[in-house]
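Accompanying notes for the structure given below.
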Amino acid sequence: PLSSPMPLHSLAKTPRTSSLATTPPAMPHPMALWCLSPAAQPCPMPMPPQTAAAGHPTLAPTAALPLPPPRTAAPKDGSLCPADPHPRLAPTGFGTYPGRKRGAVHPQTVSFPCPACQRDVDLGERGLGSLFRNLTLERVVERYRQTINISAAIMCQFCKPPQLEATKGCTECKSSFCNECFKLYHPWGTQKAQHEPTPPTLTFRPKGLMCPEHKEEVTHYCKTCQRLVCQLCRVRRTHTSHKITPVLSAYQALREKLTKSLAYILSSQDTVQTQIAELEETVKHTEVNGSQAKEEVSQLIQGLCAMLEEKRATLLQAIEECQQERLASLHGQIREHQAMLENSGMVGYAQEVLKETDHPCFVQAAKQLHNRILRATDSLQSFRPAANASFSHFQLDVSRELKLLTDLAFIRAPEAPVIDTQRTYTYDQIFLCWRLPQHSPPAWHYTVEFRKTDAKAKGLKLWQRREEVRGTCALVEYLDTDSVYVLRVKGYNKAGFGDYSEDIYLHTPPAPVLNFFLDNRWGFNRDRLAISKDQRAVRSVPGIPMLFAAERLMTSCHLSIDLVIGDVAITQGKSYWACCVDPSSYLVKVGVGLESKLQEWFQVPQDVVSPRYDPDSGHDSGAEDTTVEAPPPYAFLTIGMGKILLSHGSALTSRDPNGCTVPLPPRIGICLDYEQGKVSFYDAVSFRELWECGVDCSGPVCPAFCFIGGGALHLQELVANKQERKVTIGNFAKLD
């Protein structure tokens, strides 16, 4: 067994022989003879014959053999010569290596690159000595060597040049000998004489795989650590509660898996060839597209350079024109001042004119000359250069352009959108909203994909798509009721499609959505209830009558309930609708009732202490009245002060205030099954059922809502009727 790390430089060297002068091609790399397990645990890999730089093998430390002396006659006493011509190759024990003295401090950690993933793995203080030998790979390498070196002779590893052909091998010494050397190193009367000779070989392997820590044969396999263990390893604390099986069981299981996998690969050769052809075609396309991309980038950069050169010429031309204009003005001013010099033409001419005595001639000549003198005098008195020598207003600010050039990079595809769970909901359709991360590249449009999930179905259903969706919201229609849909979104721009968003699962209503409005034509109390213009919201404004009623409560006056119903009546099938109740409402009841009974209610208003409307009952269904076997004509869910009162079919008392309340969800869903005579109340966000009861469906049934004190609610708007508002910014329109 291998018990000490082997110098890495010796792995790449083979015994120097006349027949193995060159390394055969396609041999496994020596570093591949070691590997590590996935959990940074050593896994068995073989090790090539340990050879020294001079062609002499290093013996195993367990053999404790002295190195061979020079090839001389054996001493007469039969002992080995103590001379050691190769002190550098002295055998080393654990923790030693050539160039390091025994007893020196061993490094705390040893890193080794994994041949599979090339990651550095900490092998611990024992280094390579903690790894198993991969005897299987050693045998493969040996068979490979034999196939390419059939006629190659194995030379004695202890002969002085010229070496003789080896005739014997020793597993204990892990060396090959000729007859003379074998006798020399296995003298009679010593323990080495008991070594059994074997045929010569280049690789000496133990009979079985040995534990590198305890030097015992491995007998079990730890599934948890994915490591072979011996009997001592098995009882150690590190493998407590681990799944350990006999090596035979692991052998059979792994052999069966490997056989099946190999059979599948061998039976899929056509598929492999097809995929290879596809990959080769992809390689061609990659080369062509890469060259095309390079050409496009080169053309774009050349275009930028050409534009910069054109802009450069234009700017330089502007500077040149301004410079010539200024120079012309300055040169003219210089000429004017030069004319004022004493010996110049204008001054000399003026002096000559002053000598004229003929009055008419003097006036004729001096008139024009005097104007020139005046201009020269003004120029002299108010001297100022005709042009500014500064060109500061021709400076360029290229900081923005430099930043743009610095940031010039390839277009990135949009990042994965983030689903806006606050705005996304399901009703008659799915209203899906999303947004891009803050630093994501913009998207030109989006693709929305969705599919129905079915746990009973064997395979997954195909994704359905809505492509080129503009904006950051979409409507998904034509959905099945009482189903769960999974949705995802991805963006697209010039760089292609980005990553998908995280999947979001949405539950559709348990029945088709019923669209109705609040009835404002009859029945409700107009003094205390206010219905919106679109007839989808109602608010209770009790005002002064409520104050008067509260004043009379001490005299056992009954407080009235205000009722408003929907403008439709249900006579068949299943229907679902939802509403939002203001959390600050004092007391609101939502539910259904027989149309005839509700009309009677309007004629004779009920009060909160009526036997069928006991506020302690939790729900106004009459289900707690055991004397009535017929289903109640109406059923209501009681909501108040941000809570929902749930009776669970039993009457409540004032002594049990906390056992049957749940927080009020953002939306309440009501589902009426007319044929079954059953009404169910849901959390319309998660579609969790809150309560279910029976109701009399012998006639038309209407949605109904009751108020006691102040409160408000509004009906859920259909997604199909939700109008998209366009917000225009500059020349771009954004869908809200």
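Glycine is treated like the rest: Cβ placed from N, Cα and C.
Note: TrEMBL annotation is automatic and uncurated.
When TrEMBL is compared with the stretches 1-25, 76-100, the one noted as region 'Disordered' is 1-25. Looking at the stretches 269-325, 611-667, the one that TrEMBL records under the feature coiled coil is 269-325. Per-residue pLDDT, averaged along the domain 'B30.2/SPRY' (496-724), amounts to 78 for this model.
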